[in-house]
Amino acid sequence: MPKPKRRNPVVPVPKAAVRQSENSRTHTKNSSRIARQDHVRNAASSRNGGDRGKRPREGNDADSKHTDIKRRKLHANSSSRRWLDASDRACKQWPPLSVVHKQAAFAVQRLLEADSSRKHGASLKSLTLAPHIEAKKATFAVTCQVLKLPGMATRARSSGNPHPSPKFTQILEHLDEQAELTASEPKLGKYVAMVLSYELLRGQGLQRKGPAERAVLAAEPKLRAAMDTLLLEAGVKTLDELLAKRHRGLKSGCHARGGGGGGGGGGGGLAPEVPHPRWVRVNLLKANLDDVIRQLDEHLQSTKKTKPHQEENKRQQQTEKRKQQKKDAAMQQQEQQPQVVLDALLPDLLALPPGTDLHDHPLVTRGSVVLQSKASCMPARALNPEPGWTVVDCCAAPGNKTTHLAAILGNKGRVLAFDKDPKRLARLRSNAALTGASCIEARLADFLSVDPTAPEFREVRGVLLDPSCSGSGTIFTRMDHLLPSHRHRGAAAATTGATDTTEAAAAAHAPSTFPASAPTSTATKGKKKKKDEADNVVQQQQQQQREQGLDVSSEGPGLAQLLPQVHERDPVEAGRVAQLARFQAAALSHALRFPSLERLVYSTCSVHVEENEAVVAGVLQEAAEAGLELADPFPSWHRRGLPLFPGAEKLIRTDAYQDGTDGFFIALFRRRQPDVSMQEKPM
């Protein structure tokens with residue numbers, strides 16, 4: 001029989017012991033909680049640089065506990081105050097209730113701040129037409145209208161200065177100052193006030209009323225009184241008349257100065273004399289030219305009654321009736337002319353009426369056509385590679401010119417596309433897939449690190465080099481002509497009244513980039529330093545010309561004579577252009593090293609001499625040693641390069657003001673042809 005298991009005797013526990021055990025567990029929990037709090041507090045104190053490595057204050061427990069609680073409260077209050085101050089500065093201003101007004105105010109702020117600091121940032125189109133923007137057309141229209149209100153020219157006459165320089169102030173900023181709008185309402189941001197004031201005075205009015213809208217409405221009597229005073233001083237009755245008067249004055253001044261000279265189109269701030277059509281390149285890899293013309297013509301006929309200007313006039317029906325009548329008359333004239341025109345120079349390029357919106361058209365979304373300006377299409381056509389060639393696009397992204405090369409080849413050959421930016425190269429691959437350019441091989445690499453003499457490049461016969469440049473020829477594409485610094489340059493050109501051709505060409509190709517708000521004291525203080533820097537630049541250019549065998553005499557328009565206004569150029573912009581020119585010269589010299597090279601095109605969207613003719617002049621001897629010479633890609637084109645050296649008449653320039661497209665520069669190097677005199681003469 002098994003033995004029974006032995007059990008421990010049950011001993012009663014006193015109540016005092018139970019209470020002591022519970023108190024012990026509570027004390028342990030409280031100790032852990034206090035320890036965690038002390039750890040967090042010490043970590044925060046260490047991050048803030050306070051009480052690190054210090055001994056605790058001596059004293060009784062009550063005093064220490066009271067001091068600790070007080071210190072924690074002060075720390076929390078100070079952190080809260082710092083956060084609230086930062087929030088008040090950045091986030092606590094009154095936002096507009098309308099999404100359009102909010103987005104437009106942000107775009108205006110980014111553009112004007114970048115322009116005043118002379119930094120090149122995002123463009124107006126990228127800020128208002130990006131994929132995340134809501135109501136893109138309305139946001140773009142409001143932003144443009146706000147930036148189009150420059151115009152208050154105030155002339156500060158100083159003793160001994162008979163020709164005062166105009167200083168332009170935003171009309172909306174002037175009205176804000178006179179009405180004391182943002183000064184009396186600190187939570188109303190400056191740029192929000194500009195957008196809402198425009199909508200109140202020139203737009204449809206303020207319908208949704210939040211704190212920002214109510215503040216602007218409360219100041220409406222003062223705003224309208226300031227506007228009446230402004231119009232009275234200008235001698236006009238309406239704001240449209242004021243803007244038209246200013247435009248005529250600047251335009252006449254530009255004509256007195258000689259216009260764009262020999263083909264610049266980079267400064268001045270005026271609207272183009274020849275409107276820019278909506279240029280459309282037909283992608284011959286996916287579409288037929290006749291079919292595209294038919295579809296686009298049908299699209300224009302179907303949307304004739306809902307033109308974009310009519311959508312804008314819905315917001316301005318009460319204030320722009322006369323402008324509507326003018327647009328209707330212009331539309332009637334356009335109806336009598338062909339809506340889709342085949343370009344006479346480029347066989348795959350179409351011109352549509354200005355302002356035609358095709359971003360959502362199926363031809364664009366399918367890649368059958370590419371929205372690309374005429375000047376941007378000219379480099380690939382200048383190279384004109386033959387089917388079966390291996391072509392190198394040195395700085396390829398985002399890929400419009402690259403896909404154009406593939407279309408000219410008919411996908412029969414290879415296009416090696418280099419770019420060192422991964423994001424831009426991904427965009428190039430996307431564009432190549434959309435357009436069906438299967439012959440493109442995108443490579444993530446810096447072109448200067450590529451060895452042109454490597455065996456894999458032995459068959460390269462064409463090179464397109466379109467390197468990074470100042471972009472000074474794309475002011476209308478980027479809408480930079482609406483910014484104050486460009487209007488300031490246009491006003492300066494209007495007041496000088498220079499008639500000499502050389503001075504006009506120099507002004508067109510070496511524009512000043514001082515913003516309108518630049519303090520005059522800084523310019524005066526650094527005048528001697530700028531003059532010394534300018535003298536050094538001119539001397540360096542003269543030395544380069546002598547080494548290259550160019551004419552540096554005062555009689556001919558040599559490079560030194562085309563840079564007299566370097567004394568007035570912004571040193572920041574001058575340094576940027578000089579740095580870009582050094583890179584462009586190195587890239588062009590590197591591109592000439594391909595052993596089987598037949599044709600090479602160098603192009604920029606710049607109007608500066610340093611980035612164009614000067615770069616080409618620097619490699620002429622090297623090109624001659626490689627068996628290449630300058631050639632004329634478009635004999636029928638009217639605008640040529642500046643006459644800095646023999647053969648410059650073969651260079652191509654486009655003018656953003658007079659040619660209906662961006663300002664570009666194109667140079668074609670071609671394998672030297674055999675001497676005709678050595679060939680056998682026909683009988």
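Every residue, even glycine, has its Cβ placed from backbone N, Cα and C.
Some features that TrEMBL has for this protein:
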ACT_SITE  C605  active site, nucleophile
BINDING   C395, A396, A397, P398, G399, N400, K401, D419, D446, D466  S-adenosyl-L-methionine binding site
COMPBIAS  9-19  compositional bias 'Low complexity'
COMPBIAS  49-67  compositional bias 'Basic and acidic residues'
COMPBIAS  308-329  compositional bias 'Basic and acidic residues'
COMPBIAS  491-524  compositional bias 'Low complexity'
DOMAIN    268-672  domain 'SAM-dependent MTase RsmB/NOP-type'
REGION    1-83  region 'Disordered'
REGION    301-336  region 'Disordered'
REGION    488-557  region 'Disordered'
(request) Note the mean pLDDT of the domain 'SAM-dependent MTase RsmB/NOP-type' (268-672), expressed as a whole number. (result) 79
(request) Would you mind reading off the Cα separation of the residue listed as 'active site, nucleophile' from C395 (S-adenosyl-L-methionine binding site), to the nearest angstrom? (result) 13
(message) I'd like the Cβ neighbour count for A397 (S-adenosyl-L-methionine binding site), meaning other Cβ atoms within 10 Å of its Cβ, all protein chains included.
(response) 22
(request) Mind giving me a neighbour count for D446 (S-adenosyl-L-methionine binding site)? Other Cβ atoms within 10 Å of its Cβ, every protein chain shown. (result) 13
(request) Using all protein chains in view, find how many other C-beta atoms are within 10 Å of the C-beta of K401 (S-adenosyl-L-methionine binding site). (result) 25
(message) Return the residues near C395 (S-adenosyl-L-methionine binding site) by Cβ distance under 8 Å, restricted to its own chain and a separation of at least 6 in sequence.
(response) F418, D419, F447, L465, D466, P467, S468, A587
(message) Neighbour count first, Cβ atoms within 10 Å, every protein chain included; then name which of G399, C605 tops the list of recorded positions.
(response) G399
(request) Give me the largest Cα to Cα distance among C395, A396, A397, P398, G399, N400, K401, D419, D446, D466, the residues the record lists as binding S-adenosyl-L-methionine, in Å as a whole number. (result) 19
